[in-house]
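Remarks on the structure that follows.
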Amino acid sequence: MRGLNLFQLILALLLSMVAAEDGYDGWLRYAPVSCDLRCRQALPSHVVLLNSTKGSPIETAGRELKAGFQSILSTNLTSRPFQCNSSTSILVATLDEYRQRCRDINVPELDPDGFWLQSEGDTVRILGKDARGALYGAYEYLAMVAQRNFSRVAYATSPHAPIRWVNQWDNMDGSIERGYGGASIFFKDGTVVEDMAPVEQYARLLASIRINAIVVNNVNANATLLLPENMKGLGRIADACRPYGVQIGISLNFASPEDLGGLNTYDPLDPGVIAWWQNITDSLYTYVPDMAGYLVKADSEGQPGPDTYNRTLSQGANLFARALQPYGGVLMYRAFVYDDNLNESDWKADRAKAAVEYFKDLDGQFEENVVIQIKYGPIDFQVREPTSPLFANLYHTNTAIELEVSQEYLGQQCHLVYLPPLWKTVLDFDLRVDHKPSMVRDIISGQRFNRTLGGWAAVVNVGTNRTWLGSHLAMSNLYAYGRLAWSPTDESEQILEDWTRLTFGQNHHVINTISDMSMTSWPAYENYTGNLGIQTLTDILYTHYGPNPATQDNNGWGQWTRADHDSVGMDRTIRNGTGYTGQYPEEVARVYESLESTPDDLVLWFHHVPWTHRLHSGVTVIQHFYNAHYAGAEAAHGFVRQWESLEGLIDRERYEAMRSRLVYQAGHSIVWRDAINNFYYNMTGIPDVAGRVGHHPWRIEAESMRLDGYQTYTVSPFEAASNTTAIITTSNSTTGTARTSIKAPSGVYDIGVNYYDLYGGQSKWTLSVGDKVVGQWLGDMEHNSLGHTPSIYLDGHSATRITFHGVGIRQGDQLKIVGEANGVEPAPLDYIVLLPPGLVD
């Protein structure tokens, strides 16, 4: 019998290692941990809930604790009636209820949503300032148990700020703007979906990281959300979220009184408009009595706003704030207001100055329930930006920071980029307002300027993909956002390690590997995309995904690099530039005003310098570009090798899904590297001192091969092709063949093929060496859940690579690729590369 039990234990452990998982449970897997009979006997065996009403967060806490103990420890927690002496039990209650029923207890002062957790072996007490806080405490304790942490603890914790929201940019048709994880879980075909199971699971995940509200629809809002049938649907969403303490809010279209209400104006001072919005708000609160509030994007990127009627932004915001006040609702008003038709020939023009110019003079004119939602940088979620100076210019107005979990400019979940180290460059930044410590994190909490409201918002954009965001590793960013919103001084790496244990288990090699990959990922992505503060050199006019540095300039969007043959960068100084540095407090402005004191990683944000300018590192700007792009691509290839070392330590489904993305990222990093380096080499004529840029001895350009049914094609932008040229089939319904005789010495090689995977077709390619087929593949990224914004062109978005490893070749063998066109995709090819195994070209 003892032998059988041991066998069953070993079998259970093995099954827990290899059982397929799809990511739907996120970090709430409640995976089994080793805990023998003696271990389990030292833990609670009962759960006691005080004042648990149906659907309340405290009832949810009890349900989660039971499910967690059963899954993690195979222990069946039984419910026990409340008693003050709760030995061998987990007691969950609000602090006030506990004090009314039992003796007073020495617990530090708690803020709303805070909790006290005391764990003494088989007796655990979780006391929340409110029911939501009690639920947070239950999740905290379960996270300890799930990480096999059974230590004795007694501590109180309260949130950094009262507002800890997430934003979804979901559209009424079910699409998601800047969403890369599938369709909306909230909307479809103009109405609210029937199935609330994914909504409930999302709320569960959010509650476990202490997020207290979600704005369910796009800031580019559709007024039809305010139709009665959709208000009723919002009520169902709120009902699904309420047991987890998650409130819902909605984004509003400023012109709704005219577009939906039949009025001939949406002037925020018009009595009819004011009455219309009050009536809408009253109606919404009948369906959602605990609605968190509204989010408004106005006078920005074509969205209507108060400026149409020559009204101020504060007058526009206060219209909604006053309608919400009887219900305790909050109005989040985005500071993302700027002119998208700037004149680049004006040396003083600067989009980065817009937020301060629009909002500073309105400080103190907003209602007390208005919170200005400020992006972390002054442009738009770039790979690196300086801290928005608006945080230092609103003394008498509530503020919140806006982050983006959805990787709009940062690889769209197809590239691994762990974001907290980026976020912390802003959160930990000291703005030195009035020469006093002024960390951004202390400004948004309200502490610095004695504000009672403020906090956090993050654009998340989960979808129907079972991984939520499209990528298993991208979920670390959502988890970390919640952790930082509660406690912004937590270390990025510690958060990551906790997430990894909860998501992938206790294996030290797994934890160390994922931690190393993730902590390296943001610097690597910055290296192969945009350096020295120049911003992410992506296509800002199209997908925001692949490389296209020319799109930054010669348009009115204001994300300019001002790059030319001789020099690069925006002069934002007071002395000779746009004056942007003057928007910062004196101590910070002084640092950025001087080229000598500006850190290298922001030098091109603040200064216009020659390409030959030497950085503090001693390297010229152009050589830094070349070096960084090669280093970044090298690091991306390293991620694949690191991940492959985890084979067998992670379940097959998640291992393979993540491996395919990392392989794709490695190939796309080469596309990025070459595009940026070639673009600026072509612009400057300054060679790479290491001789790498434009020199690829391992490559065979497709246009140099013998072509039958293929023709050459000039790619635009030129840098999106290795030699500015690709090949495509002569028509979209034909087959093309490209052949060449291999000149490389006989041996074993990795063969990479760079091609273009266009939206709207699934071409088929077959690669042969000699008389043997090496491999076949389809151009099916749009059907293979990759999820990034697709392209219908041969460009840096559609460019990708497939690699076949360990192929034996003989000098003189014929290498042949047959491409079969499909749809709009003409089986396009860029080049073939023969590499000694392990070499990055």
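Cβ from N, Cα, C; glycine included.
The signal peptide annotation in Swiss-Prot covers 1-20.
Over all protein chains present, the Cβ of Asn51 (N-linked glycosylation site) has 18 other Cβ atoms lying within 10 Å. Annotation comment: Swiss-Prot describes Asn51 (among others) as N-linked glycosylation site, evidence class sequence analysis.
What Swiss-Prot lists as N-linked glycosylation site is Asn76 (among others), and the listing cites sequence analysis. The Cβ of Asn76 (N-linked glycosylation site) lies under 8 Å from the Cβ of Lys66, Phe69, Gln70, each of these being in the same chain and 6 or more residues away along the sequence.
Residues or ranges marked as N-linked glycosylation site by Swiss-Prot on the basis of sequence analysis: Asn85 (among others). DSSP gives Asn85 (N-linked glycosylation site) a coil state; it is part of no helix or strand. Every protein chain considered, the tally of other Cβ atoms within 10 Å of the Cβ of Asn85 (N-linked glycosylation site) stands at 8.
Using a 10 Å Cβ-Cβ cutoff, Asn222 (N-linked glycosylation site) registers 19 neighbours. Residues annotated as N-linked glycosylation site in Swiss-Prot, with sequence analysis given as evidence: Asn222 (among others).
Taken from Swiss-Prot, the feature N-linked glycosylation site covers Asn279 (among others). Taking Cβ-Cβ distances under 8 Å and a sequence gap of 6 or more within the same chain, Asn279 (N-linked glycosylation site) has no neighbours at all. Under the DSSP three-state reduction, Asn279 (N-linked glycosylation site) is assigned to helix.
The N-linked glycosylation site feature in Swiss-Prot is assigned to Asn343 (among others); the stated evidence is sequence analysis. Cβ neighbours of Asn343 (N-linked glycosylation site) (same chain, under 8 Å, six or more residues apart in sequence): Ala349, Gly556.
What Swiss-Prot records for Asn465 (among others) is N-linked glycosylation site, and it gives sequence analysis as the kind of evidence. Secondary structure at Asn465 (N-linked glycosylation site), as computed by DSSP, is coil.
A helical conformation is recorded for Asn527 (N-linked glycosylation site) in the three-state DSSP classification. Swiss-Prot lists Asn527 (among others) with the feature N-linked glycosylation site.
Positions annotated as N-linked glycosylation site by Swiss-Prot, on the basis of sequence analysis: Asn576 (among others). In the three-state DSSP reading, Asn576 (N-linked glycosylation site) counts as coil.
Look at Swiss-Prot and you will find Asn682 (among others) tagged as N-linked glycosylation site, backed by sequence analysis. Classification of Asn682 (N-linked glycosylation site) by DSSP places it within a helix. Sequence-distant contacts (6 or more apart, same chain, Cβ under 8 Å) of Asn682 (N-linked glycosylation site) comprise Phe718, Glu719.
DSSP assigns Asn723 (N-linked glycosylation site) to coil, not to a helix or a strand. Sequence-distant neighbours of Asn723 (N-linked glycosylation site): residues of the same chain at least 6 apart with a C-beta under 8 Å from its C-beta are Glu701, Glu703, Tyr831. Annotation comment: Swiss-Prot describes Asn723 (among others) as N-linked glycosylation site.
What Swiss-Prot lists as N-linked glycosylation site is Asn732 (among others). For Asn732 (N-linked glycosylation site), other Cβ atoms within 10 Å of its Cβ number 15.
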Next on the checklist: Restricting to the chain of Asn465 (N-linked glycosylation site) and a gap of 6 or more, list residues whose Cβ falls under 8 Å of its Cβ, or answer none.
Outcome noted: Gly181, Gly182, Ser785, Gly787
Checklist entry - Say you check the Cα of Asn51 (N-linked glycosylation site) against those of the glycosylation sites Asn85, Asn222, Asn527, Asn576, Asn732; which is nearest? => result Asn85
Next on the checklist: I need the CA-to-CA distance for Asn732 (N-linked glycosylation site) versus Asn576 (N-linked glycosylation site), whole Å please.
Outcome noted: 54
Checklist entry - Could you give the Cα-Cα distance between Asn85 (N-linked glycosylation site) and Asn576 (N-linked glycosylation site), in whole Å? => result 72
Checklist entry - Looking only at Cβ atoms, how many others are within 10 Å of the one on Asn576 (N-linked glycosylation site)? => result 11
Checklist outcome for this item: CB neighbours within 10 A of Asn527 (N-linked glycosylation site), counting all protein chains shown, number 25
Item to check | Residue pair Asn222 (N-linked glycosylation site), Asn527 (N-linked glycosylation site) - Cα distance, angstrom, rounded | outcome: 38
Checklist entry - What's the CA to CA span in angstrom from Asn576 (N-linked glycosylation site) over to Asn527 (N-linked glycosylation site)? => result 29
